[in-house]
């Protein structure tokens, strides 16, 4: 058992990642699957079960192949998928142009699609990474570099900003803020206790001994909320926090060396959790950037300015990715923030163009799978973590064959997707029962 534990720790350690372009191409594959699904499901009966099968087959399974069996053909798969989309689109008979004007000034389908894609990719990767079928270059890097899971962490944090009340220019009540962050803190505590109790394999240099991503999300949102209360100009606030985190904390006080060096002993709580604690400034920046992007998207989408939105995000993507040179998820440094935001801008631009094309021919832009992933985001993230833990406690993942690995991940993703379709939000039901939720 100790030998297996040691092997598993090595399996996820000292990794160097891949290129920014390959990471971006995987995200573009996700955008293409949504486009293809909307094009082919026009004549499918609106049955929940048929929709589940169709959307799983087109939106979930192709990214699963790209991240496992077909990872070596990622770029070719991207070209084929987009070519198929445009072939179907331009050979279909055009309907009268019918742009749908929404009356809800706080809703955005672009945001819904982006967050849904990130949730699907997150659920897929957190289990797949434990199997050898998942390329090591896609797993989290040790110190510096680009990888799918590194960018997934940052995009997940940014997604929390774009769906926040502040992004919709609404005020969050202290009660709602407390409830949301109390749940995240509780989940972080439960995860910590579970890991210690079951002697679950953990990569200590990722967040620290006691810290985890649930706690990062909790404190990221709390800090972001109160700083935004103090400084209402969000762009000024982002610049101030980013300057402090990058140039004062990491560079002037050399906390980059402190966080990266493996020679530092974990003698107290701060030392023991230094990666999680001192990367918070960067994650708060990503959260605030998400709020800023959310406001921009909601405004432009309400005015049906999809083309203008796509152009602006495309230009931002080029600039932000160009200045990224040595990113580190562990530090959450300027380069990591810029490249993560650049990839988010790429997704925003892509979804803007796709929706503009779909609306020109009166296709539906709504995906039930993605909508349900959004409505039950926290439930799904929790379910994915629980299922991942159950699999790892009962299966020797690192010695599994490619066929066994693929079938386990496929069954797992189908289970998660089925939950989004047919089960209510457990967390919302609990809050409603306790009379702590407004609904």
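Placed from the backbone N, Cα and C atoms, the Cβ positions cover glycine too.
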TrEMBL annotation (transmembrane segment) - matching range among 113-134, 135-156: 113-134
Long-range Cβ neighbours of the transmembrane segment (72-92) (under 8 Å; 6 or more residues past either end): 22, 25-26, 28-29, 32-33, 35-36, 39-40, 62, 65-66, 357, 361
Distant-in-sequence neighbours of the transmembrane segment (380-398), which means Cβ under 8 A and at least six residues beyond its ends: 4, 7-8, 11, 119, 122-123, 126-127, 130-132, 187, 191, 194, 198, 200-201, 373, 405, 408, 412, 415-416, 419-420, 427
Listed stretch, out of 209-228, 235-255, 334-359, 404-431, that has the most CB pairs under 8 angstroms to the transmembrane segment (310-328): 334-359
Ranked first among 209-228, 235-255, 404-431 for CB pairs under 8 angstroms with the transmembrane segment (334-359): 235-255
Intrachain neighbours beyond the transmembrane segment (404-431), with Cβ under 8 angstroms and 6 or more residues off its ends: 48, 51-52, 55-56, 60-61, 64, 68-69, 123-124, 127-128, 131-134, 179, 183, 368-369, 372-373, 375-376, 378-380, 382-384, 387-388, 391, 395, 397, 437, 439
